[in-house]
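Data first, discussion second: the structure below is written as structure tokens.
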Amino acid sequence: MVLKLKCRAKINLAIDVLGKREDNYHLVEMIMQTIDLYDCVSIEEINSGIVIESENPDVPLDSKNIAYKAAKLIKDKFNIDKGIKIKIEKNIPVAAGLAGGSANAGAVLVGLNELWDLKLGKYEIMDMGLNLGADVPFCIMGGAALACGIGEKLTRINGLDNVYILICKPDIFVSTAWVYNNLDISKLNKRPNIKFLLNCLDKKDIYNLSNNMVNVLESVTESNYPQIKDIKKKMIEYKALGSMMSGSGPTVFGIFDDFDCAKHAKENLEKLYKQTYLVKTYKGGIEVE
Ligand SMILES: C[C@@](CO)(OP(=O)(O)O)[C@H](O)COP(=O)(O)OP(=O)(O)OC[C@H]1O[C@@H](n2ccc(N)nc2=O)[C@H](O)[C@@H]1O
Ligand SMILES: Nc1ncnc2c1ncn2[C@@H]1O[C@H](COP(=O)(O)OP(=O)(O)O)[C@@H](O)[C@H]1O
């Protein structure tokens, strides 16, 4: 039997960093929003081992793949000696600040729970996911959330309803660890007003939301890669209500209230940046087909 799952990317509508834990992980306050840009993950039981297949050359096919780690976590915890083949059809840009790997890991946990009838509840799966990465629990939950702790303490919030999001990823590689390590919290001069932004979401006021988004990680990535400023500037020229870097980058997103403007922006940005996608925000998380 082959189980097929869809797992979606996220953007961050705000990121604040409040401090650092002893293990060097940073304490954050973030507004997370799922978007309808998804990878298809199929899982199939085999006799032994963990096999990863993907046609995307940027996706590791060995134990470095976070989907491999997710399968190993389940196999070890439940002493399962059967193997698993995981096929990943990548649509979410890799190393982009869109949590594509985390979404894949979430899909494997959700899928194996079903395939092997492990009877884990959603919160148990999310707790397991945290062992794989800070963003994995949110990818499993989906929709929109306020994320605290290192990103795992999640409160469901009103998100953006069916809003156009233009995603644009410059062709550069940015490591999340490098961005966090190069952030000097004492020197932050602009921080998000999370309360205000949550209030905007409650009131469905996407104009004030779009104008007041702040991602404190942006300063680190932006000062090393001028493409980020360039994309943000172009998004605004093409009538985005607001534009910001997602996560640790380098993807920049723009929020649009008008389909024709969003389409025009896409057609122009993709001439310069191949990985440009026009999607909508999404209410769900991982789905079994
Ligand atoms: C920045 C964010 C914003 O949503 O997303 P991405 O840009 O990765 O998509 C997240 O905080 C990323 O979460 P995730 O990518 O799951 O992080 P992990 O794999 O757990 O950690 C990668 C590295 O980032 C750093 N890290 C991550 C999360 C956090 N709260 N503090 C950190 O300092 C650590 O150095 C860690 O070694
Ligand atoms: N299933 C996976 N999909 C994408 N990248 C993966 C996967 N497993 C491991 N990686 C590695 O993780 C790194 C971060 O990838 P990704 O999760 O796409 O980034 P981000 O969290 O910034 O969106 C990449 O450098 C990639 O080599």
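Glycine too: its Cβ is placed from the backbone N, Cα and C atoms.
Whatever TrEMBL says is automated annotation, not expert-curated.
Residues or ranges marked as active site by TrEMBL: LYS10 (among others). Under DSSP, LYS10 (active site) is assigned to a strand (E or B) in the three-state scheme. For LYS10 (active site), the same-chain residues lying six or more positions away in sequence with a CB closer than 8 A to its CB are MET32, GLN33, THR34, ILE35, LEU98, ALA99, ALA103, ASP135, PHE138, CYS139, SER246, GLY247.
The annotation domain 'GHMP kinase N-terminal' is assigned in TrEMBL to 65-143.
Note on ALA99 (ATP binding site): other Cβ atoms within 10 Å of its Cβ, all shown chains, come to 29. Sequence annotations record features per position, and here TrEMBL assigns ATP binding site to PRO93, VAL94, ALA95, ALA96, GLY97, LEU98, ALA99, GLY100, GLY101, SER102, ALA103.
What TrEMBL records for ASP135 (among others) is active site. Cβ-based neighbour count (10 Å, all protein chains) for ASP135 (active site) stands at 28.
According to TrEMBL, the domain 'GHMP kinase C-terminal' annotation covers 202-274.
Proximity of the recorded positions (LYS10, PRO93, GLY97, ALA103) to ligand 2: a Cβ under 6 Å from the molecule is found for GLY97. Of the chain residues outside the ATP site list PRO93, VAL94, ALA95, ALA96, GLY97, LEU98, ALA99, GLY100, GLY101, SER102, ALA103, ALA9, ILE92, GLY247 have their Cβ within 8 Å of the site's Cβ mean position. Annotation note: GLY97 (ATP binding site) sits in a coil segment as assigned by DSSP. Residue counts of the domain 'GHMP kinase C-terminal' (202-274) by helix, strand and coil are 39 helix, 10 strand, 24 coil (DSSP-based).
With respect to ligand 1, the recorded positions PRO93, ALA99, ALA103, ASP135 contribute ALA99, ASP135 as residues with a C-beta closer than 6 angstroms to one of its atoms, given in sequence order. In the three-state DSSP scheme, ASP135 (active site) falls into the coil class.
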